[in-house]
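A.B. asks: A single structure is presented below for examination.
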Amino acid sequence: MHEVAIMTETVAIANAAAERQNATKIVGLTMRIGAISGVVPEALSFAFEAVAGGTLAEQAQLIIETVPVTCYCAQCDRPFTPPDLFYECPLCSSLSQHILSGKEVELKSLEVI
């Protein structure tokens, strides 16, 4: 369950940032998780509850934003959002594309007091 490792590191980063600001409490964390990152949002929330105890984030609210998959078609020179996991360009049917978004695992923001 790599969500525990991800959240352990995220809480450590959040705590260090809060301490640098002389904060006494982390009120909220917002994370961006890509749809094809391999991270399960529900498991990440569960991991947060497990690892935040005893830290400045103990009572914080975790908000998870899902980032959809966006591709760029090298043939059409256009971005597109694939309707499923078969990343065929809807305009030209090309399979020559690059993934622009959807793999993110990021701590977007931190709210402290």
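Using the three backbone atoms N, Cα and C, a Cβ is placed for every residue, glycine included.
Take a look at what Swiss-Prot says about it:
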| type | residues | note |
| --- | --- | --- |
| BINDING | HIS2 | Ni(2+) binding site |
| BINDING | CYS73, CYS76, CYS89, CYS92 | Zn(2+) binding site |
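What does the local environment look like for each feature on the list?
C.D. replies: HIS2 (Ni(2+) binding site) carries a helical DSSP state (H, G or I).
DSSP assigns CYS76 (Zn(2+) binding site) to coil, not to a helix or a strand.
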A.B. asks: Applying a 10 Å Cβ distance cut-off over all chains shown, what neighbour count does CYS89 (Zn(2+) binding site) have?
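C.D. replies: CYS89 (Zn(2+) binding site) is surrounded by 19 other Cβ atoms within 10 Å.
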A.B. asks: Can you tell me how far the Cα of CYS73 (Zn(2+) binding site) sits from the Cα of HIS2 (Ni(2+) binding site), in Å?
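C.D. replies: So the Cα of HIS2 (Ni(2+) binding site) lies 31 Å away from that of CYS73 (Zn(2+) binding site).
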A.B. asks: For the Zn(2+) site given as CYS73, CYS76, CYS89, CYS92, which other residues of the same chain have their Cβ within 8 Å of the site's Cβ centre?
C.D. replies: ALA74, GLN75, ASP77, ARG78, PHE80, PRO90, LEU91, SER93, SER94, SER96, GLN97
